[in-house]
Amino acid sequence: MARSLYEWLWQHEFWLPPGITWEDMQESEDTHYPQPRDLLLSIPFALILVVIRCAFERAVALPLSTKLGVRDKQRPKAQPNPVLETFYNRCRKNPEEGELLSLAKQCDLPVRKVEKWFRRRRNMDRPSVSKKFSEACWRFTFYIISFFTGLAVLYDKPWLWDHRECWTGYPQQPLQSSLFWYYMLELSFYWSLVFTLPFDVKRKDFKEQIVHHAATIFLISFSYCANYIRIGTLVMVIHDASDCFLEPTKIFNYMKWKRTCDSLFMIFSAVFLISRLVIYPYTVLYNTYYYSMEIFQPFFGYYFVNVLLMILQMLHVFWSCLIIHMVYKFILQGTMEKDMRSDTEESDKDEERDKIREKEKNGITNFRNVTSNGYIQRNGSEPLNSRAHLANGHAKER
């Protein structure tokens, strides 16, 4: 059964244009074509990248964060409570009103204290600023390396300047070693992001990030097997261009260098919108959809790769809407709004409100105690007890 599935999966009708079979893609001593088995190398390479990342964050990023003045917030810890902890781990992290009342009765606590416990417990699970800084440093380092690697690999390639060259001689386009290693670098990195997904900083677009990683891995893998190497390299370079500005924006935000952060954010916004909404549709989508049909008739691989590219474009539109909204706020307010993708700490304002309520409550109590004892001053005069006492119901001077 496994052999039948294997033979069905690798039918040349799925992967190659009409009139081309796998026999036409046989390698020789001087000619090498992409082989699906090569993709298995990306898994051990991804694990190596995970190890390098852990070493980089501990040995470089964390000490650098300390030297640059990145400080973690002091978060109050939630008091140990087995009932609330069980509900937090097994049910939900943000209970509804009815559940709060039930939990308050079980623990014999006020509802407000139960709310405060869950608020603090959620904050205990949120990543620290130093962790965010370390993650941004690692990604910035990789994107810089991959972007300039891509430029070094492609600067002398004809399809970088003439997009129709992506299809000249397709699919019998020999695989160059520089393109192979560039592909392995990018694919290994995205596999490493999948492996570390449970431990990375979770943002509001977490689901979109999963879709993005999955679509990217499928796109890179399929483009390699179907020998869409040339179009794939263009996609990777375009994506890395804007990411090179995103990560340093985060870094300076964590360092609280506001002006530098705002400037980099505006540069990133311009590069992102131009590269993802202008260059990508023309260089990749139009190229793949129209120019390729000048060489071959549509087949399954043609439709499949275009679907994956369109999924990426829809994600580009989604993130572009967030960026445009942030730019709009920046123009109105003169400062960059907090990253809308970030999961903000809810306890800061709530804890302050609780403290203010406690102070107001204590102040009212103290005020009542003072007035009940007669120690209230009016118009700067002396206290009542110091100048008069009651005699037969009348105030009398001492």
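Using the three backbone atoms N, Cα and C, a Cβ is placed for every residue, glycine included.
A TrEMBL annotation is a machine prediction, not a hand-curated record.
Nonlocal intrachain contacts for the transmembrane segment (39-56), taken as residues 6+ away from its ends with a CB within less than 8 angstroms of a stretch CB, comprise 137-138, 141, 184-185, 187-189, 191-192, 195-196, 221, 224-225. Per TrEMBL, the feature transmembrane segment maps to 39-56 (among others).
Sequence annotations record features per position, and here TrEMBL assigns domain 'Homeobox' to 84-128.
Taking H, G and I as helix, E and B as strand and the rest as coil, DSSP gives the DNA-binding region (86-129) the counts 32 helix, 0 strand, 12 coil. If you look up TrEMBL, you'll see 86-129 marked as DNA-binding region.
Among the features that TrEMBL reports, domain 'TLC' is placed at 131-332. Across the domain 'TLC' (131-332), the prediction's mean pLDDT works out to 89.
The transmembrane segment annotation in TrEMBL covers 136-155 (among others). Sequence-remote contacts of a segment are chain residues at least 6 beyond its ends whose Cβ falls under 8 Å from one of its Cβ atoms, and for the transmembrane segment (136-155) they are 53, 56-57, 60-61, 64, 178-179, 182, 185-186, 189, 233-234, 236-237, 240-241, 243-244, 247-248, 250-251, 254.
Within the same chain, residues 34, 38-39, 41-43, 45-50, 53, 142, 146, 149-150, 153, 209-210, 213, 216-217, 220-221, 224, 229, 232-233, 236 sit at least 6 positions outside the transmembrane segment (180-199) and bring their C-beta atoms closer than 8 Å to a C-beta of that stretch. Under the heading transmembrane segment, TrEMBL lists 180-199 (among others).
Under 8 Å from some Cβ of the transmembrane segment (264-283) lie the Cβ atoms of residues 163, 234-235, 238-239, 241-242, 245-246, 248-249, 252, 312-313, 316-317, 319-320, 323-324, 326-327, 330, 336, all in the same chain and six or more residues away from its ends. Here TrEMBL flags 264-283 (among others) as transmembrane segment.
Sequence annotations record features per position, and here TrEMBL assigns transmembrane segment to 303-328 (among others).
Feature annotation from TrEMBL assigns compositional bias 'Basic and acidic residues' to 341-362.
Per TrEMBL, the feature region 'Disordered' maps to 341-398.
If you look up TrEMBL, you'll see 363-384 marked as compositional bias 'Polar residues'.
A Cβ distance under 8 Å defines the sequence-distant neighbours of the transmembrane segment (303-328), meaning residues of its chain 6+ beyond its ends; these are 205, 208, 211-212, 215-216, 218-219, 222-223, 226, 228, 231, 235, 265-266, 269, 272-273, 276-277, 280-281, 284-285, 288-289, 336-337, 339-341.
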